[in-house]
Amino acid sequence: MAEAFIQVLLDNLTSFLKGELVLLFGFQDEFQRLSSMFSTIQAVLEDAQEKQLNNKPLENWLQKLNAATYEVDDILDEYKTKATRFSQSEYGRYHPKVIPFRHKVGKRMDQVMKKLKAIAEERKNFHLHEKIVERQAVRRETGSVLTEPQVYGRDKEKDEIVKILINNVSDAQHLSVLPILGMGGLGKTTLAQMVFNDQRVTEHFHSKIWICVSEDFDEKRLIKAIVESIEGRPLLGEMDLAPLQKKLQELLNGKRYLLVLDDVWNEDQQKWANLRAVLKVGASGASVLTTTRLEKVGSIMGTLQPYELSNLSQEDCWLLFMQRAFGHQEEINPNLVAIGKEIVKKSGGVPLAAKTLGGILCFKREERAWEHVRDSPIWNLPQDESSILPALRLSYHQLPLDLKQCFAYCAVFPKDAKMEKEKLISLWMAHGFLLSKGNMELEDVGDEVWKELYLRSFFQEIEVKDGKTYFKMHDLIHDLATSLFSANTSSSNIREINKHSYTHMMSIGFAEVVFFYTLPPLEKFISLRVLNLGDSTFNKLPSSIGDLVHLRYLNLYGSGMRSLPKQLCKLQNLQTLDLQYCTKLCCLPKETSKLGSLRNLLLDGSQSLTCMPPRIGSLTCLKTLGQFVVGRKKGYQLGELGNLNLYGSIKISHLERVKNDKDAKEANLSAKGNLHSLSMSWNNFGPHIYESEEVKVLEALKPHSNLTSLKIYGFRGIHLPEWMNHSVLKNIVSILISNFRNCSCLPPFGDLPCLESLELHWGSADVEYVEEVDIDVHSGFPTRIRFPSLRKLDIWDFGSLKGLLKKEGEEQFPVLEEMIIHECPFLTLSSNLRALTSLRICYNKVATSFPEEMFKNLANLKYLTISRCNNLKELPTSLASLNALKSLKIQLCCALESLPEEGLEGLSSLTELFVEHCNMLKCLPEGLQHLTTLTSLKIRGCPQLIKRCEKGIGEDWHKISHIPNVNIYI
């Protein structure tokens with residue numbers, strides 16, 4: 001890594017020497033000599049990096065060079081910071097503190113120059129060859145959509161495992177566990193994913209859960225993760241182990257589930273026995289699939305013969321390599337093919353090796369570069385279990401300089417951790433790994449670097465959620481990154497401190513990352529770039545925080561702090577301040593606007609924030625502002641957003657404080673093309689402007705057409721803005737509008753071509769249809785298809801709503817999968833919802849029955865929930881038409897007297913029936929005994945059914961005796 005950071009330092013020195021600040025204190029010659037000395041040393045670094053692998057003295061020399069490099073970087077950084085501060089003062093170079101500062105810098109420069117001369121002299125002992133430094137490989141253009149490559153050579157294995165799982169008939173007490181066993185890099189996780197997503201598996205199991213276990217086999221953590229996976233949401237608050245166990249058993253009880261435990265290392269039999277005891281409540285055929293490298297793990301956990309994964313054939317390895325190295329290139333150099341096949345032989349049939357080697361060579365088309373990989377001495381180094389580590393080391397050594405340290409830095413994240421791309425880029429920036437190129441923003445440079453590492457197969461399992469990109473590293477790739485850091489440790493120059501839930505020290509390439517419970521004296525860490533105190537119990541920052549002149553990244557996520565010290569505003573180099581979910585924080589320091597380098601002010605979830613610091617608009621570097629609380633006074637108003645080029649998402653609150661549309665226009669939202677998510681809210685409990693003014697204000701807050709997510713809360717205007725009827729929302733994917741009681745009609749949302757999720761909560765009692773326009777008379781987009789992309793529709797509390805469309809046509813809601821109806825007593829379903837798979841009807845306090853034809857055209861409905869319909873006495877017989885229905889839940893329907901005899905007989909796919917708190921339900925229908933697919937029946941809080949369903953003697957027992965899992969609760 002030394003050569004990578006030296007290149008960064010040289011670029012910084014070159015840029016600095018061209019500027020005016022270097023002239024301020026008269027150190028131009030000294031900095032020039034430093035630059036020349038580093039250039040001389042840099043010429044031999046590539047050779048040194050390759051030879052250090054089996055040369056301890058050379059490794060020590062590189063460590064000394066590393067330490068000196070970071071020391072020079074500190075001097076340069078401090079010089080620029082102080083020089084900027086002095087130049088902006090009224091005294092300029094005649095500031096009284098200039099002379100002592102010059103003396104201090106001069107002394108440090110002399111000391112580091114002596115060190116570098118000794119290091120330069122020592123390099124002669126190693127007979128290193130000079131090489132021309134390759135600055136950067138040619139970058140290829142990439143799109144924003146990232147897809148996993150095709151899987152080669154594993155179809156046979158997938159089919160065999162699927163058959164084992166589907167044909168498993170063991171009962172719950174003998175829970176089947178199938179381990180997939182194989183060395184690292186063979187593709188165990190990929191194979192498990194193929195099985196998990198196979199259509200046959202999806203149809204066979206009632207529930208599928210995927211858990212990445214890694215090295216921490218903690219029962220409580222795993223049970224919590226399984227519960228969260230099943231429920232699809234995080235558990236709020238802490239729960240003890242016993243209630244967690246009970247909750248999991250309730251969720252799994254009577255279900256034929258598939259649980260995948262990926263990457264298991266636990267060799268403690270008792271730990272597995274404890275977890276297995278909780279899992280033994282499922283239906284016959286419930287299974288656990290594990291992946292592991294360790295035979296002992298397979299023997300401890302497995303009840304079935306471990307499935308040993310073999311190496312890929314040379315042919316499949318070649319196909320995988322070729323797909324990565326050549327892509328869809330039509331003409332391929334036959335000489336490269338010949339060399340490539342020799343390289344693939346060295347990969348030993350390990351997919352990860354073939355994939356990464358192909359990934360690095362896809363940027364190289366010179367035969368010499370391919371021969372260099374084939375003939376590298378790294379192949380001859382001692383190996384552990386396979387040829388994978390030499391292949392991965394080669395992949396690293398082939399990276400351009402600017403990618404090497406960015407990759408190795410990822411070692412600071414725990415193994416198997418889900419990483420956030422945007423956060424990682426901010427951390428790269430904080431450590432100075434990214435340099436601006438032309439007019440490109442640093443964030444865009446970081447995005448390019450990230451994409452290149454992804455294309456070279458260093459990153460995997462890409463997931464995009466809420467506008468953010470998450471990813472993982474294969475554990476062997478993570479091991480490589482960690483080994484690179486460990487080889488370049490410098491304990492004298494700590495640049496990053498993390499607070500985590502465990503206490504130990506991890507060596508990394510440019511410093512050490514320190515993990516601790518109590519905050520140490522910050523003055524000990526003068527070189528600190530990153531301070532990570534996320535989720536800590538600290539409720540106060542010391543005033544010495546202002547002395548960390550190099551600090552770029554401060555993470556206080558989830559801390560209990562109520563305020564921040566004013567000394568924080570002395571941090572001129574601070575780029576990221578993460579205050580997300582600091583729920584007690586009520587204000588920021590008044591001089592926050594002095595943080596001139598601040599790029600990310602993250603405030604999501606800090607709901608106690610009552611105001612913004614004044615003049616936040618002067619932070620012209622600001623790219624991310626999670627929240628903006630509107631104020632009434634100048635310096636606190638919406639106009640502060642006007643000149644900011646914001647990225648990502650922003651939540652604007654207290655819009656009732658905006659006086660008029662003129663003030664709203666000053667926010668200049670229509671020019672912010674890099675915003676993808678916008679939330680706007682009014683507080684209806686304080687002083688309020690007139691409703692007519694609110695319409696004008698919202699009209700003036702028209703966003704840019706690049707927006708993909710829009711949320712509006714508490715709007716009291718009489719109609720929504722005109723820009724909702726327009727192509728302004730042509731890229732919108734999700735809309736949520738809540739508490740807008742005065743709007744008597746809705747915009748034509750059916751026009752929006754990309755809209756996938758529409759949530760309308762607490763609307764006007766005057767609204768009768770979600771869309772009232774005629775199909776052929778609408779603005780914006782010339783299409784007859786209404787809601788062409790909508791997948792989720794969630795409607796709450798529209799007291800007069802009759803239907804979705806006033807005029808129905810054949811082409812409407814073609815892909816609508818999920819629908820939630822709350823407190824809409826008169827709403828009838830459209831006649832054409834062929835794609836609908838999930839329907840929830842809740843809080844209908846009026847209807848005593850549903851329309852007879854209500855469920856007639858829902859041919860693909862799989863999940864139906866009817867809840868809190870207090871006066872509902874019967875269900876329509878059209879229930880029988882739901883041939884695809886797998887789960888039926890009827891909850892808190894206090895007046896329901898019976899289930900339809902004919903309505904249940906047609907449910908030929910039903911596997912789960914749950915009836916809860918239906919006090920008036922007198923008996924179960926005869927048709928239940930004909931439902932041969934039904935495996936789980938749960939009845940709770942139905943007093944009249946308890947005796948009738950008593951095992952063996954109850955009047956209704958014969959109707960349900962064939963069901964494997966029957967649970968009846970008081």
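The backbone N, Cα and C atoms fix where each Cβ goes, and this holds for glycine too.
As recorded in Swiss-Prot, the features of this protein are as follows:
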BINDING   GLY182, MET183, GLY184, GLY185, LEU186, GLY187, LYS188, THR189  ATP binding site
DOMAIN    135-438  domain 'NB-ARC'
REPEAT    525-548  repeat 'LRR 1'
REPEAT    573-594  repeat 'LRR 3'
REPEAT    595-619  repeat 'LRR 4'
REPEAT    638-662  repeat 'LRR 5'
REPEAT    672-697  repeat 'LRR 6'
REPEAT    752-777  repeat 'LRR 7'
REPEAT    787-811  repeat 'LRR 8'
REPEAT    813-832  repeat 'LRR 9'
REPEAT    833-857  repeat 'LRR 10'
REPEAT    884-906  repeat 'LRR 12'
REPEAT    907-931  repeat 'LRR 13'
REPEAT    946-970  repeat 'LRR 14'
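Summary of the ATP site environment: with the site residues GLY182, MET183, GLY184, GLY185, LEU186, GLY187, LYS188, THR189 set aside, the chain residues having Cβ atoms within 8 Å of the Cβ mean position are THR291, ARG293, LEU309, VAL350, PRO351, LEU352.
With helix defined as DSSP H, G or I and strand as E or B, the repeat 'LRR 5' (638-662) counts 9 helix, 6 strand, 10 coil. DSSP labels the residues of the repeat 'LRR 4' (595-619) in these numbers: 3 helix, 3 strand, 19 coil. In summary, the repeat 'LRR 4' (595-619) lies against the repeat 'LRR 5' (638-662): three or more C-beta pairs, each 6 or more positions apart in sequence, are under 8 Å.
Long-range contacts of the repeat 'LRR 7' (752-777) within the same chain, counting only residues at least 6 positions beyond its ends with a Cβ under 8 Å from a Cβ of the stretch, are 708, 729-746, 783-784, 786-807, 809. Non-local neighbourhood of GLY182 (ATP binding site): LYS188, ARG293, GLU308, LEU309, SER310, each in the same chain, at least six residues away, with C-beta under 8 Å from its C-beta. Of all the binding-site residues listed (MET183, LEU186), LEU186 sits in the most crowded Cβ setting, with the most other Cβ atoms within 10 Å. Counting residue by residue with DSSP, the repeat 'LRR 1' (525-548) contains 5 helix, 3 strand, 16 coil.
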